[in-house]
Amino acid sequence: MPVAVRISGSSTSNRAEAASRRAASNSASEGLQKMGYNVAIVGATGNVGREMLTILEELNFPVDTMHAIASRKSKGMDVAWGDKTIKCQDIEAFDFSTVDIVLMSAGGDVSRAWSEKIGKLGPVVIDNSSAFRKDPDVPLIVPEVNPDAVKLVSRKNIVANPNCSTAQLVVALKPLHDAAKIKRCVVATYQSVSGAGKEGMDELWTQTKAIYGLGDARPKKFPKQIAFNVIPYIGSFNEDGYTDEEAKMWDETHKMLDPDIKLTVTCVRVPVFVGHSEAVTVEFDRPISPDEARAILREAPGILVVDKQEHDGYITPVDAAGEHAVYVSRIRKDHTVENGLVFWVVSDNLRKGAALNAVQIAQLLDETGTIKPKSGYRTLTV
Ligand SMILES: NC(=O)c1ccc[n+]([C@@H]2O[C@H](COP(=O)([O-])OP(=O)(O)OC[C@H]3O[C@@H](n4cnc5c(N)ncnc54)[C@H](OP(=O)(O)O)[C@@H]3O)[C@@H](O)[C@H]2O)c1
């Protein structure tokens, strides 16, 4: 099923485009227009929740009413929504039967406690946690990769959003896999601290200041010092010595792209605030040159290729932060295998790795008619 994945340039220009689209739609002539959706964001005070609010506006997703939901401690807190602020509500007191879509971004425990209950009340839950990603009755979707999985949504009214590192990886792998089957893939990630939520960002900030100022730099959120360091451990250990973060990457790639791709991963936390990077080595079933790969990736949805063999001709996480694209750089031949390529993939983990993908799923649900606003249609007489 072809799907238009709408990415564009910087977040500043995204906001300007959103404003001009709103102005254009306000001047629409008389006719029948679909109402917007009633949307609730659970985790609206968090890193991902705040990005969701921004991106829904940037992409001009049709929202009639927005509800910001978080834990009881955030009740009454102001959250920015467009040019207004809305008050945060306590999840325990909110009536989810009044909304069409719930963007759930408050961790696995909250999702396990709430998502199925909410789905039974009617709204579709787009869940950012890992709680339902492996559930065969819950589609796991990256719209550039497997939009057809949307047909499974009605089973539980839940759609899962993948892990941040998997999302950017499969966007880059999919068009190459379509051109030449991927047999084996080796990935090392360089994951920013925002992937560990607000507390992760705070720890890098306070530790960096403490080390410069001879303060207390003892780790709290991360298992070892993250400032001026790298940590080859994210999540928790599985019995085989891999971490659950590493296992998520192959489980999710198998569910969305192809169960036959052999994938091995090392996940590493690095002292970067926003933007995950990945060194990716791929072995194909036929020869594929760097030039052919560049041409394929340039045509692929959601990807920008920045690959000049100059001292600054590649993308870093600082360049990708606040952007929508998955960037691919440093495409070159792997001389150690017959049909191998090596490349570098970078994206904003809070955007394509979480909030942007969730909003793209909401667009997919809308465009495929999988959801319809409860409030139906209104007559425009402007
Ligand atoms: N960060 C990433 O790159 C990334 C990528 C993909 C997926 N995710 C997933 O997205 C989710 C959120 O991540 P994040 O980075 O935004 O975390 P975060 O910055 O720590 O924010 C957590 C949010 O969850 C809310 N929350 C916590 N306990 C709650 C409860 N009992 N009831 C209602 N709300 C509750 C918090 O509200 P209070 O402020 O009231 O505590 C806050 O709004 C996680 O499942 C994470 O795994 C994150």
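Each residue, glycine too, has its Cβ placed from N, Cα and C.
Where the annotation comes from TrEMBL, it is an automatic prediction and has not been curated.
Per TrEMBL, the features are:
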- C164: active site, acyl-thioester intermediate (ACT_SITE)
- H276: active site, proton acceptor (ACT_SITE)
- R133: phosphate binding site (BINDING)
- Q191, R269: substrate binding site (BINDING)
- 38-153: domain 'Semialdehyde dehydrogenase NAD-binding' (DOMAIN)
- 1-25: region 'Disordered' (REGION)
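For ligand 1, the recorded positions lying close by, meaning a CB under 6 A from one of its atoms, are C164; the full candidate list was R133, C164, R269, H276.
When the recorded positions R133, C164, H276 are screened for a Cα within 10 A of the Cα of R269 (substrate binding site), the ones that qualify are H276. Within 10 Å (C-alpha to C-alpha) of Q191 (substrate binding site) lie the following recorded positions from R133, C164, H276: C164, H276.
Annotation note: the residue listed as 'phosphate binding site' sits in a coil segment as assigned by DSSP. Averaged over the domain 'Semialdehyde dehydrogenase NAD-binding' (38-153), the predicted model reaches a pLDDT of 97. Applying an 8 A CB threshold to same-chain residues 6+ apart, the list for R133 (phosphate binding site) reads L140, A160, P162, N163, K248, D251, E252, K255. On a Cα basis, the residue listed as 'active site, acyl-thioester intermediate' lies 8 Å away from the residue listed as 'active site, proton acceptor'.
Other C-beta atoms found within 10 angstroms of the C-beta of the residue listed as 'active site, proton acceptor' number 29, with every protein chain shown included.
Helix first, then strand, then coil: DSSP counts for the domain 'Semialdehyde dehydrogenase NAD-binding' (38-153) stand at 42 helix, 33 strand, 41 coil.
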